[in-house]
Amino acid sequence: MKAFFVILGLALLCAYSFALEEQDQLSLRNDLLTVMFAENSELTPETEERYCQKWMWTCDEERKCCEGLVCRLWCKKKIEW
């Protein structure tokens, strides 16, 4: 009977740690989405009262990317070789 309670306790401990890990994953995803969309506005002030598109926002001839980014359907970080 003791072995049953030990096994049950270990199973509950594993289930609890798995639930905590899942909660952490969801929290990280929500934080990332908040940073990308909620806290960052689409337009950010640049020099001379112009506005630029941040990373991951769509861009075109009118909506230019911010400095250090290049437009490839959306703004991407510029990689120099």
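Glycine is treated like the rest: Cβ placed from N, Cα and C.
Under the heading signal peptide, Swiss-Prot lists 1-19, citing sequence analysis as support.
What Swiss-Prot records for Cys52-Cys66 (among others) is disulfide bond, and it gives similarity to another entry as the kind of evidence. Under the three-state DSSP scheme, Cys52 (disulfide bond) falls in the strand class.
Non-local contacts of Cys59 (disulfide bond) by the CB criterion (under 8 A, 6+ apart in sequence, same chain) comprise Gln53, Cys65, Cys71, Leu73, Trp74, Cys75. According to Swiss-Prot, the disulfide bond annotation covers Cys59-Cys71 (among others).
Per Swiss-Prot, the feature disulfide bond maps to Cys65-Cys75 (among others); the stated evidence is similarity to another entry. Reduced to three states, the DSSP call for Cys65 (disulfide bond) is strand.
The Cβ of Cys75 (disulfide bond) has 22 neighbouring Cβ atoms from other residues within 10 Å, across all protein chains displayed. According to DSSP, Cys59 (disulfide bond) sits in a coil region rather than a helix or strand.
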